[in-house]
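S.K.: According to Swiss-Prot, the protein carries these features:
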- 741-771: region 'Disordered' (REGION)
- 1-4: topological domain 'Extracellular' (TOPO_DOM)
- 28-100: topological domain 'Cytoplasmic' (TOPO_DOM)
- 126-156: topological domain 'Extracellular' (TOPO_DOM)
- 179-374: topological domain 'Cytoplasmic' (TOPO_DOM)
- 402-419: topological domain 'Extracellular' (TOPO_DOM)
- 446-462: topological domain 'Cytoplasmic' (TOPO_DOM)
- 486-504: topological domain 'Extracellular' (TOPO_DOM)
- 534-566: topological domain 'Cytoplasmic' (TOPO_DOM)
- 606-625: topological domain 'Cytoplasmic' (TOPO_DOM)
- 671-771: topological domain 'Cytoplasmic' (TOPO_DOM)
- 5-27: transmembrane segment (TRANSMEM)
- 101-125: transmembrane segment (TRANSMEM)
- 157-178: transmembrane segment (TRANSMEM)
- 375-401: transmembrane segment (TRANSMEM)
- 420-445: transmembrane segment (TRANSMEM)
- 463-485: transmembrane segment (TRANSMEM)
- 505-533: transmembrane segment (TRANSMEM)
- 567-588: transmembrane segment (TRANSMEM)
- 590-605: transmembrane segment (TRANSMEM)
- 626-648: transmembrane segment (TRANSMEM)
- 652-670: transmembrane segment (TRANSMEM)
Amino acid sequence: MATLQDIGVSAGINILSAFVFFIIFAVLRLQPFNDRVYFSKWYLKGLRSSPARGGAFAQRFVNLDFRSYMKFLNWMPEALKMPEPELIDHAGLDSVVYLRIYWLGLKIFTPIAVLAWAVLVPVNWTNNTLEMAKQLRNVTSSDIDKLSVSNIPEYSMRFWTHIVMAYAFTIWTCYVLMKEYETIANMRLQFVASEARRPDQFTVLVRNVPPDADESVSELVEHFFLVNHPDHYLTHQVVCNANKLADLVKKKKKLQNWLDYYQLKYARNNSQRIMVKLGFLGLWGQKVDAIEHYIAEIDKISKEISKEREEVVNDPKAIMPAAFVSFKTRWAAAVCAQTQQTRNPTQWLTEWAPEPRDVFWSNLAIPYVSLTVRRLIMHVAFFFLTFFFIVPIAFVQSLATIEGIVKAAPFLKFIVDDKFMKSVIQGFLPGIALKLFLAFLPSILMIMSKFEGFTSISSLERRAAFRYYIFNLVNVFLASVIAGAAFEQLNSFLNQSANQIPKTIGVAIPMKATFFITYIMVDGWAGVAGEILMLKPLIMFHLKNAFLVKTDKDREEAMDPGSIGFNTGEPRIQLYFLLGLVYAPVTPMLLPFILVFFALAYIVYRHQIINVYNQEYESAAAFWPDVHGRVIAALVISQLLLMGLLGTKHAALAAPFLIALPVLTIGFHHFCKGRYEPAFIRYPLQEAMMKDTLETAREPNLNLKGYLQNAYVHPVFKGDEDDYDIDDKLGKFEDEAIIVPTKRQSRRNTPAPSIISGDDSPSLPFSGKLV
């Protein structure tokens with residue numbers, strides 16, 4: 001078990017690491033050749049030019065102004081200067097609300113920490129229960145545990161203090177959550193009301209279009225919406241399966257990068273042609289001329305791309321039973337997106353379309369009927385992933401409990417002979433080991449989310465974040481506590497009756513605070529400080545700049561600003577909320593470490609959002625109900641654990657008074673859900689009508705159809721250098737097929753005449769396009 005000395009060694013290592021990271025960052029950010037890495041957002045907005053273009057040759061690469069190095073931490077106050085309204089305009093509402101999660105942590109835990117240290121620490125410290133348990137029952141403990149509830153004897157009246165504090169912590173947390181929910185809801189409504197025109201405001205995604213033997217998907221979609229939304233339907237774009245085409249385009253881009261590299265290399269030294277080997281990684285195989293080889297490969301794959309495009313456009317099997325349908329007004333889109341279209345609730349399913357940059361195109365090709373099966377498979381896979389990950393978690397706990405294991409395994413005693421090494425192993429290594437084990441988890445969870453078939457990047461990230469949160473709850477928290485308790489009290493477990501084991505675990509739960517303190521310092525202190533260095537984007541930018549960049553456009557594409565990473569960042573924040581709320585009434589020693597994390601992370605990520613991150617999408621803070629719900633879950637878990645802990649301490653008179661807390665907390669959650677959540681899942685028709693009215697008054701001659709015409713065209717049909725225009729293949733729908741007649745024997749309320757019946761109907765234009 002980590003002692004106070006071990007915690008001190010870990011704190012020293014992590015504080016030193018964070019300080020070194022900040023110094024390195026301060027030096028690197030001042031160098032002109034790194035300007036595009038550490039200020040990439042300003043370059044993407046076109047508001048910053050490279051300082052390396054002017055001045056002396058040396059000044060283009062190295063900052064020779066030594067006065068700038070004297071203020072190496074001035075980026076911290078600068079990150080706090082930009083006011084929130086300006087930050088919303090600069091980075092979007094998603095980024096600002098994400099920052100408010102850190103601010104929420106500070107608002108919740110600062111008063112809680114002050115109250116806990118003022119009231120609970122003296123109550124816990126003035127007892128000798130652990131000393132007596134150590135002598136009588138051979139229970140392992142440290143000086144830090146004397147500040148916890150474990151140090152209070154059974155049947156003590158002092159437990160009433162912890163119950164009163166639990167009520168105080170709950171009331172304060174719920175109050176802050178309610179005020180924040182109200183603020184975020186108002187920010188969202190105001191943001192949506194003042195937001196510039198976007199295609200997704202007028203568009204819905206229609207899925208599970210029923211098959212029809214007589215009509216194509218495009219014709220069927222048009223007929224359905226002309227009949228059921230006759231005054232509001234504007235245009236649509238059917239979805240196609242272009243995944244194979246997208247893979248070919250991606251492969252061609254890689255080949256083009258290699259060709260650019262070898263052409264640039266040959267231009268610098270044209271004394272001899274460049275030769276490459278065709279074998280694995282260029283280590284063996286036939287030698288060929290590099291430039292000629294890649295020109296031939298690009299020509300070959302270009303022909304494949306053209307052929308695949310023809311197949312996608314002309315093959316009915318490539319057309320999916322889904323479409324992006326656009327309307328003349330936001331009001332009409334809101335009505336369609338938020339209502340059931342037919343008596344069969346499994347057909348003609350409508351939802352708000354993601355904004356074009358948020359669409360995850362490859363998943364649109366997944367048949368809707370297979371989504372349930374896919375999600376069931378992923379639920380099972382996630383269960384086994386979570387279950388089997390308990391093994392490395394138990395290994396991490398063994399690193400954190402050397403002293404306890406030595407009691408049962410004396411041959412390991414040589415490990416703890418050196419006090420400093422023992423402090424490093426127990427105070428630093430467990431946190432590092434756990435962080436390494438979790439390194440690949442976000443990628444695995446994102447792959448699982450993609451397999452489930454979500455159609456937008458934002459929904460993918462929210463699902464991955466939810467699974468990461470559950471994983472942290474089960475493995476990082478619960479498994480660490482249970483496995484750690486078993487390791488720490490191993491000798492006690494082996495020499496006591498079975499009915500005494502729950503009591504030993506109850507005493508041991510607060511003792512795991514030492515492990516979580518070390519993890520917070522590794523992940524929340526040094527880890528957050530290391531984020532600002534951006535080592536991977538920095539290295540990749542300079543490699544691309546050296547070998548691939550030929551133009552300013554190439555240099556812009558070489559930048560990798562990244563984003564806030566909701567799927568990884570938010571679950572980590574929620575783990576700290578969970579730890580803080582669980583240990584606030586149990587071991588207040590942990591709270592200052594959490595406060596340092598929230599304060600440091602708020603400053604670092606505010607700087608990154610202002611200067612670096614380029615958000616991939618804008619959901620107008622649609623994720624906030626998830627954030628609120630997980631904090632509530634952490635609060636309920638903390639109450640249940642405290643109730644169980646007091647039960648093991650035989651606080652029979654005091655413990656029942658905690659039963660009301662989870663009930664009241666869940667009731668509070670339902671109140672907030674009913675009061676504020678509708679602003680995040682539905683678009684008020686009143687707001688939509690107001691925005692439409694204002695836009696009509698300001699732009700009476702707006703060509704909305706032209707604005708929406710190509711908004712949801714698949715990216716593989718856009719901006720390619722090949723002389724290919726999808727409208728050339730589908731222009732007949734615009735020019736020749738002004739009216740799309742039905743081909744059925746009988747059809748009521750058809751806005752176009754039937755080919756067979758010849759009934760008259762008003763002419764209505766068709767504007768369907770292929771996505």
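Glycine too: its Cβ is placed from the backbone N, Cα and C atoms.
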S.K.: Where, among 5-27, 101-125, 157-178, do we find the most CB pairs under 8 A to the transmembrane segment (567-588)?
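M.R.: The stretch with the most contacts is 101-125.
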S.K.: So which of 5-27, 101-125, 157-178, 463-485, 505-533 has the most C-beta pairs under 8 Å when paired with the transmembrane segment (626-648)?
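M.R.: Ranking 5-27, 101-125, 157-178, 463-485, 505-533 by Cβ pairs under 8 Å to the transmembrane segment (626-648) puts 157-178 first.
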S.K.: Could you tell me the mean pLDDT over the topological domain 'Extracellular' (402-419), as a whole number?
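M.R.: Across the topological domain 'Extracellular' (402-419), the average pLDDT comes out at 59.
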S.K.: How about the transmembrane segment (157-178) with the transmembrane segment (505-533) - do they touch, taking at least 3 C-beta pairs under 8 Å (6 or more apart in sequence) as contact?
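M.R.: No, these stretches are not in contact.
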S.K.: Tally the residues of the topological domain 'Cytoplasmic' (446-462) by DSSP class, grouping H, G and I as helix, E and B as strand, and everything else as coil.
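M.R.: Going by DSSP assignments, the topological domain 'Cytoplasmic' (446-462) contains 13 helix, 1 strand, 3 coil.
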S.K.: Just to be sure I understand, if DSSP states are collapsed into helix, strand and coil, how many residues of the topological domain 'Cytoplasmic' (534-566) fall in each?
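M.R.: The breakdown for the topological domain 'Cytoplasmic' (534-566) reads 21 helix, 0 strand, 12 coil.
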S.K.: Please indicate, using numbers and ranges, the residues of the same chain that are 6 or more beyond the transmembrane segment (652-670) and have a C-beta under 8 Å from a C-beta there.
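M.R.: Beyond its ends, the transmembrane segment (652-670) has Cβ neighbours at 155, 157, 159-160, 162-163, 166-167, 170, 174, 178, 628-629, 632, 635-636, 639-640, 642-643, 646.
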S.K.: For the topological domain 'Cytoplasmic' (534-566), give me same-chain residues lying six or more residues beyond its boundaries with a C-beta closer than 8 angstroms to one of its C-beta atoms, as numbers and ranges.
M.R.: 28, 33-34, 36-38, 40-41, 43-44, 94-95, 98, 257, 260-261, 264-265, 458, 461-462, 465, 605, 608-609, 612-616, 623
S.K.: For the topological domain 'Cytoplasmic' (28-100), how many residues does DSSP put in helix, in strand and in coil?
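M.R.: For that range the per-state counts are 49 helix, 0 strand, 24 coil.
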S.K.: List, by number or range, the same-chain residues at least 6 past the topological domain 'Cytoplasmic' (446-462) whose CB is under 8 A from its CB atoms?
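M.R.: Residues 205, 354, 358-360, 362-364, 366, 370-371, 374-375, 377-378, 381-382, 565-567, 616-617, 619, 622-623, 626.
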